[in-house]
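Sequence annotations record features per position, and here Swiss-Prot assigns GTP binding site to 22-29, 70-74, 128-131 based on similarity to another entry. Residues or ranges marked as motif 'Effector region' by Swiss-Prot: 44-52. The S-geranylgeranyl cysteine annotation in Swiss-Prot covers 219, 220.
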């Protein structure tokens with residue numbers, strides 16, 4: 001699977017919008033910088049304004065551009081709007097493993113996400129900052145149980161140490177890819193049977209029904 005850092009010339013087969021949500025200071029901007037540019041800065045200032053970055057990857061021999069959106073500080077004013085969620089087919093729901101309150105707010109973020117996004121959006125719960133294990137305030141099992149109850153993927157990560165971030169994004173992007181691919185195949189079948197194919201020529205932003213938590217991803221490593 002190609003990393004695709006900084007490759008702007010290649011043909012793009014799919015574009016998937018993925019949003020990062022969660023309380024302030026849980027590391028969303030660092031997660032974005034690490035995944036999109038393989039960069040990390042401890043001096044990263046709070047994000048202000050709309051921000052998204054892209055990274056292109058190869059998934060099953062197709063070129064997929066991930067368009068990753070950061071809430072850009074709006075969460076501090078509880079001002080994340082429906083426009084932010086519009087068109088998103090994936091979401092990273094982030095909390096800080098050293099701050100219990102950020103995990104306790106996850107149900108509210110999930111409720112807001114499901115109210116504004118497509119009901120079948122692919123969601124990954126992320127417990128960030130595993131590099132601060134000695135300050136852990138959220139047991140892995142608590143998050144794991146919540147993810148299983150809500151039908152979410154789940155991993156613990158460290159943007160600082162680049163732990164599990166590739167796995168987290170690739171799990172979500174591959175799941176979206178598989179859903180869209182199935183819809184395209186179904187559309188082709190309908191067309192061959194003389195029925196109109198609503199997805200003909202459209203390869204982006206169409207999630208499908210539900211997602212299953214693979215056993216290998218429904219756990220964490222720190």
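Backbone N, Cα and C atoms are what each Cβ position is placed from, and that goes for glycine too.
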DSSP state at residue 28 (GTP binding site), helix/strand/coil: helix
Average pLDDT across the motif 'Effector region' (44-52), rounded to a whole number: 60
All-chain count of other Cβ atoms within 10 Å of residue 71 (GTP binding site): 23
Secondary structure at residue 130 (GTP binding site), reduced by DSSP to three states: helix
